[in-house]
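Copied over from Swiss-Prot, here are the features:
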- 4-76: domain 'KRAB' (DOMAIN)
- 141-163: zinc finger (ZN_FING)
- 223-245: zinc finger (ZN_FING)
- 251-273: zinc finger (ZN_FING)
- 279-301: zinc finger (ZN_FING)
- 307-329: zinc finger (ZN_FING)
- 363-385: zinc finger (ZN_FING)
- 419-441: zinc finger (ZN_FING)
- 447-469: zinc finger (ZN_FING)
- 475-497: zinc finger (ZN_FING)
- 531-553: zinc finger (ZN_FING)
- 559-581: zinc finger (ZN_FING)
- 615-637: zinc finger (ZN_FING)
Amino acid sequence: MDSVSFEDVAVNFTLEEWALLDSSQKKLYEDVMQETFKNLVCLGKKWEDQDIEDDHRNQGRNRRCHMVERLCESRKGSKCGETTSQMPNVNINKETFTGAKPHECSFCGRDFMHHSSLNRHMRSHTGQKPNEYQECEKQPRKHKAVEKTFSYHHCFRKHERTHTRVKPYECKQCGKAFIYYQPFQRHERTHAGEKPYECKQCGKTFIYYQSFQQHAHTGKKPYECKQCGKAFICYQSFQRHERTHTGEKPYECKQCGKAFSCPTYFRTHERTHTGEKPYKCKECGKAFSFLSSFRRHKRTHSGEKPYECKECGKAFFYSASFRAHVITHTGARPYKCKECGKAFNSSNSCRVHERTHIGEKPYECKQCGKSFSWSISLRLHERTHTGEKPYECKQCHKTFSFSSSLREHETTHTGEKPYECKQCGKTFSFSSSLQRHERTHNAEKPYECKQCGKAFRCSSYFRIHERSHTGEKPYECKQCGKVFIRSSSFRLHERTHTGEKPYECKLCSKTFSFSSSLREHEKIHTGNKPFECKQCGKAFLRSSQIRLHERTHTGEKPYQCKQCGKAFISSSKFRMHERTHTGEKPYRCKQCGKAFRFSSSVRIHERSHTGEKPYECKQCGKAFISSSHFRLHERTHMGEKV
């Protein structure tokens, strides 16, 4: 069995963590370290530096870094059995008892207990970086690849890992590996949820010391931008801000070449290539690439809505939704497009709009190749492939792919319509619906197709129209493989498989799969036929029927088969015709399994099992399975030859 090394048992503090300890905790740390030294038996090297606190005060270095490095280095030449008298003992020197620090820096006047500590400190003034390492056979302390020199051997060893890419610290939960121990420690907190830094004023806790520092209530912002005057609490934030003026983007992705001004944005971007999702929900097991997405997801379980409007009391899951809502009270639209001058109530909406001018779409779907302007749009699109529906209605348990669809559905239970049109007084459940409605008053159509010039009031209609040019059909039925341009058409199609008929006639209780079918059916009871043909006077129940009828006068047949050239008046007849070429029979009888090309055919066939004959002759009482058979029978009474 391998002997235990000092690295295996030593406790490591960062400079920030050390600053949070009180005097009793620091004393306890020194006692523990002392006990650790005494229990190790295979070390072999006399220690020059016996001042733990001087080690800590070396700015930017670990609390015990010199101690660790020298102990670990000395093990290579040590012999087992040497006594522990060679261990450093912070209490054995006279200076330690008295607290005297006889070694003074001639540059800055700082005092040190030990000469070795003073020597190391002097290098910060002289810039000296010794090129020989005495304990390693006089080998130069230089890195061969870049000829970079270091003042301390432990820094040299750490730097080497940046070239060798050795990552000795691996997370047991997600497998992510790290070059250095401290980032590994910090990463582990993201899994454990540990937040060791607590604000004494408000009780808020933080994973990272830097976040804790930035949160401070002092109000001090010592770092001010000379160009715009904006001030910052921490230097890193100030540095990042300066890059917005200079345009500097020092962090470049090796896979796609995209550059970033901030390392956090760069690391986040890398996950789009690796697919890494380090944040996992304990309740449902769903994993996320970004901490912010993970936090937002947790609210779907807890129901927490931390953002509340002071005017109307409405609460929101997300800060962005809250900010957008607040503006509905004021009517302000402070964000203006630089190209066309259009104003928006949120910066995000403005940025999305600006991409319509430049055409930038950096996020591409790996399954179908479609690209998007925003990562959130890509994630939402991916659900059309996976069928994922993470949003569930608490009242009826219906699930949805998008949070917006859930919110829209929830209003069917509450009936709430908080958004009112100032011109006509009409109310809406959503601000987006109000915005679309307002365009009917001002005739605004901001979404224009670059291919044909057609303009649209609504971005969703515009996207659907674009598919008529590209031929894209992103919604695929898992049962029969049929694909659709619109999600609404896809959902309606699914009902042909499930048999779901949610729309019921109040007069005769007949049910329908589609609301449009119910509306058309209701006209049968009223007998009203409001759509009349101007040429022949024939009246129809539906506007779609009169449009088809008018084509019999004009001879227009807009739907042409690419295989045989045959043209059709209606899209439905065209689709039916296509099946004669493909042989597709998507409609199957649930009782005997027989398949049919047309839904009407399967309905008529099913009546052969049920015995239903809905078409009855008023003259003789004879009943028929299908309307076509019934019409043929009627002619026998009129004297027509069938």
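In case you wondered, yes, glycine gets a Cβ from its N, Cα and C as well.
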In the zinc finger (447-469), how many residues does DSSP put in helix, strand and coil?
11 helix, 4 strand, 8 coil
Quick one: DSSP breakdown of the zinc finger (363-385) into helix, strand and coil?
11 helix, 4 strand, 8 coil
Going by DSSP assignments with H, G and I as helix and E and B as strand, what are the residue counts for the zinc finger (251-273)?
11 helix, 4 strand, 8 coil
How about long-range neighbours of the zinc finger (307-329): same chain, 6 or more residues beyond its ends, C-beta under 8 Å?
296, 299-300, 345-346, 348-349, 403, 418-419, 431
Intrachain neighbours beyond the zinc finger (531-553), with Cβ under 8 angstroms and 6 or more residues off its ends:
520, 523-524, 569-570
Restricting to the zinc finger (419-441), report the mean pLDDT as a whole number.
80
By DSSP, what is the split of the zinc finger (307-329) into helix, strand and coil residues?
11 helix, 4 strand, 8 coil
